[in-house]
Amino acid sequence: MRQNLVAGNWKMNLTYPEGMALVEEMARLAGEAAPAANAPQVVICPPFPLLHGVGQLLPKSANFHLGAQNCHQKESGAFTGEVSASMLASVGCEYVILGHSERRQYFGEDDKLLGQKLKAALAAGLKPIFCVGESLDTREADETFDYIAKQLTDGLFHLSNEEFAQVTVAYEPIWAIGTGRTATSAQAQEVHAFIREQIARAYDAQAALDTTILYGGSANAQNAKELFAQPDVDGGLIGGASLKAADFLAIIQSF
Ligand SMILES: O=C(CO)COP(=O)(O)O
């Protein structure tokens, strides 16, 4: 179901005590804030070793959720060093980020593997946050829309209607990730509207209306309000600014 949502992707940052301190401060600040009618769902995605501890300390209000940054495509077995979707569910995860450009780029994750990971996540009852986004070269070559359409078709639209209904899409232009160079709200809106159109073609108009589409890439406390005010931007997938409690809270309060 389409909803306002902000997810914090901590990436490979914070030790256990640092993560606990951050989530404690977030819980304290969230507790002090006046309850807002349009408060978003909030998903915190720490590294694997911090998941259980962070889950224990999440603010007790119903709109805070735990998410992971990756999962393995198999249910269990001899895959040294890997973590399965059901293990994530067993420590309280409700969401998992899949298809992040850093996983595609540094770990060679392609559409076939991501398809398997999506299936594994869904089978374990996790809700995937599936990322798409173009490089600077692709944007400058004026190929953004073709590229995003292909990522969606090859990576995501093989899911059944029921499976797709569990998915949140995140548009993360690679050139905006960690660079301080945010997409303008018009650039974000244009691609989000395009993604919704593609969903309507692949599924139906209702599925397009029901899908939550997040923007990610140097979103912060200063630009979140304008980004989230766009009609097809339902929230954000936040990297750097999710590592500071006050900044992240300000983003949550930007609806
Ligand atoms: O990759 C991102 C979130 O998944 C965005 O990272 P930044 O917010 O640090 O640019």
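Every residue gets a Cβ built from N, Cα and C, even glycine.
Substrate is bound by Asn9, Trp10, Lys11, Gly178, Gly239, Gly240 in TrEMBL, and the record lists one more residue there from Ser61, Ser135, Ser218, which is Ser218. In this structure, the binding-site residues that sit close to ligand 1, with a C-beta under 6 angstroms from any of its atoms, are Gly178, Ser218, Gly240, chosen from Trp10, Lys11, Gly178, Ser218, Gly240. Here the binding-site residues are Gly178, Gly239, Gly240, and the one with the most other Cβ atoms within 10 Å of its Cβ is Gly239.
Sequence-ordered, the extra residues of this chain that approach the substrate site, with Cβ no more than 8 Å from the Cβ center of Asn9, Trp10, Lys11, Gly178, Ser218, Gly239, Gly240, are Asn13, Ile177, Ile238, Ala241, Ser242, Leu243.
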